[in-house]
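*Asks:* Here's the feature list from TrEMBL:
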ACT_SITE  His699  active site, proton donor
BINDING   His646, Cys648, Glu670, Cys731  Zn(2+) binding site
COMPBIAS  1-13  compositional bias 'Low complexity'
DOMAIN    11-314  domain 'Cobalamin-independent methionine synthase MetE N-terminal'
DOMAIN    431-753  domain 'Cobalamin-independent methionine synthase MetE C-terminal/archaeal'
Amino acid sequence: MSRTQSTPFTTTTLGSPRIGPNRELKRAVERYWAGRTDRAELESVAAELRRRTWSALAEAGLDSIPVNTFSLYDHVLDTAVMLGALPPRVAAIPDELDRYFAAARGTDEVVPLEMTKWFDTNYHYIVPEIGPETSFRLHPDKVLAELDDARAQGIPARPVLVGPITFLALSKAVDGAGAPLGRLDELLPLYRDLLGRLADAGAEWVQIDEPILVTDAVDDAAQLAERAYQFLGDSHQRPAIFVATYFGAPNGALPALARTAVEAIGLDLVSGSEQAVAAVPELADKLLVAGVVDGRNIWRADLEAALGKLAALLGSAAAVAVATSCSTLHVPYSLAPETELDDALRSRLAFGAEKVTEVVTLARALRDGRDAVAEAIEASNAALATRTADPRLHVAAVRARLDSILAAGFGRGPAAERRTSQDARLKLPALPTTTIGSYPQTVEIRQARAALRSGAIDHAGYVAKMKAEVAEVIRLQEELGLDVLVHGEPERNDMVQYFAEQLDGFFASQNGWVQSYGSRCVRPPILFGDVVRQKPMTVEWITYAQSLTGKPVKGMLTGPVTILAWSFVRDDQPLADTANQVALAIRDETVDLQHAGIAIIQVDEPALRELLPLRRKDKDDYLNWAVGAFRLSTSGVNDATQIHTHLCYSEFGEVIGAIADLDADVTSVEAARSHMEIVGDLNGAGFSNSIGPGVYDIHSPRVPGTAEIAAALRLALAAVGPERLWVNPDCGLKTRHQEEVVASLRNMVDAAKQVRAAQS
Ligand code: GLN
Ligand code: ZN
């Protein structure tokens, strides 16, 4: 065997953020898309960002540095390109970069690939399509170029690849092809060739990511892992192989991997468990890469506890390296720009850069003993201790109120009785028409927000402008003849941040951007303490809108599960407890809205599906508390107040029973693209309340015709009957243009009238 000897590394992360500390990549890519820069300029921004990332990691003291974790859009799409797996409609585009962005975003002629959630994070990847025509071929240029560039700067570079099992499991079969995983044997030789190329180019180590092994998505995961890594491990010309698992424990796949010839295995010891390691004797000759620093939440590590975990592993493996639990792609770059943080909270946080320091500190303790880092451990202990002292983390009054509501039990009356009171109060026609909440975020709205930020207008001036927007949206809806109106949400920058900014217990960072997909970034609020609502958050807006019309205006709230899903959440108590605190705040808001005369309140839970655990065995428990929190948030009102909810972005399959259990009076769901199948599915789950299956797809600029919407309604009617059917688009309208919205809603109202007329 001509395998080069590799030295085990001791300190690393599994990957890094790439959008740029000040979102430089976002700006460069968007300028390129707009035709305002050329490719050379884009490539130079990208190269500069990569180098800055590597050198920062090297300076911090990592002795093995991940490369090829950079991406102009998405690393799964990069992998599809590397394996020659772009669908024919995209592959036909001659220019490489045009092809890449066409796959991600589409063009006038080409439909883009789908996008979906990367495991249970808020990052979205591009879903590769594997069809009968896919013939894999290796295109290693990107990874080789990044490796060369890093090595030229003296970086101890470790190329990172999405592994073959994960790649295929995340892909989608198209054009009648069988399950993509069936083609594993075709991919393995390509990976073997690639390993040869990487070794030739001087790579001592390669990291192959197989997070799919921590899920139940692949039936014979252990077997496949053993087969794939036996094959790759046996190849002659290759770097040392480090197989990384993360986001959970690989269970049976761990001993399987350990039986192969790979040199290192990575475990997420933040979400997985270190006990499993002792039970795998085959690890005795491996390097164990211990992910003890949480790569996806923003809390400072408990160094003492992490050291304990590391110590427990020492006897079980040939060597132990310290790492983050996963790529730090999912946290912001650095705490440095956060000037508005108070000292206590700051001391408890660690963003990407701070996590690297923690890794280095722990590795030093392993090497030189605990005393060598005594100061850092003391600082970590002191920071943790501030949690007990910080009154914001234990607000007795809120805890007592919550406990007493939970102890007394909560719930609404029977759905049929609620329906009777609501019908009597609302007197809506059959097939009532409505929208999901937001209307287009117009240029005026954005300008007003910018003006407020820059100080060009004051708060009162801003509120006045937003109220003018509300009035315009109400006028438009009356003109269109909708039955249940909304205020349009112009005052909300984001449906979670808007509430986070008004609730105690949340901190909104200034620069805590995290890539969501492509050039899109989000700034998740940090939920660090007990959640307290000091005063009503939406009542002024909704009652203002209601004052302008005789039709009912829906109050709009974001549900507890979605608020959790789109925030960084405290880890010092169970998620379920945090969810209930948020639910209590929302519940108080619903009661205030009801008191102000609002008859319909919508509590959005678009993220219900997102937080679903990766392992089957954990799902029931999650759905239990998630549904419980929603019901807590919506059961403070009386029977005559109608509760709506809205869900989207999903194959609802696994959560369909939970949607029924939410027991909202009216549930609107994304359905336009799935041909109303959701309606039958909900019936099948025993749901008998009203339902508003989205009758057209708002993600597309296309204006749906009246006949087409009417056909969708008739399809839905066949499953639910006119007394249960609502008519609405499939999501909020904020990303659409005004003209599209007006034309589409006009057709929607017409379609509802037609179908109604045929009923009577
Ligand atoms: N009410 C929100 C809106 O209309 C719902 C958004 C969502 O479903 N993600 O924008
Ligand atoms: Zn939606």
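Every residue gets a Cβ built from N, Cα and C, even glycine.
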*Asks:* What is the separation, in Å, between the Cα atoms of His646 (Zn(2+) binding site) and His699 (active site, proton donor)?
*Replies:* 16
*Asks:* Which of these binding-site residues is closest to His699 (active site, proton donor) if you go by CA atoms: Cys648, Glu670, Cys731?
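*Replies:* Closest by Cα distance to His699 (active site, proton donor) among the binding-site residues Cys648, Glu670, Cys731: Cys731.
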*Asks:* Does DSSP put His646 (Zn(2+) binding site) in a helix, in a strand, or in coil?
*Replies:* strand
*Asks:* Out of these binding-site residues, Cys648, Cys731, which one has the fewest other C-beta atoms within 10 Å of its own C-beta?
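*Replies:* Sparsest of the binding-site residues Cys648, Cys731 by Cβ contacts within 10 Å: Cys648.
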*Asks:* Of Cys648, His699, Cys731, listed as recorded positions, which ones have a Cβ less than 6 Å away from ligand 2?
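*Replies:* Cβ under 6 Å from ligand 2: Cys648, Cys731.
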*Asks:* Within 10 Å of the Cβ of Glu670 (Zn(2+) binding site), how many other Cβ atoms can be counted across all chains shown?
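*Replies:* Excluding its own Cβ, the number within 10 Å is 23.
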*Asks:* Which one of these recorded positions has the most other Cβ atoms within 10 Å of its own Cβ: His646, His699?
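*Replies:* Result for the most crowded candidate: His646.
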*Asks:* Using DSSP with the three-state reduction, classify Cys731 (Zn(2+) binding site) as helix, strand or coil.
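*Replies:* Once the DSSP labels are grouped into three classes, Cys731 (Zn(2+) binding site) ends up as coil.
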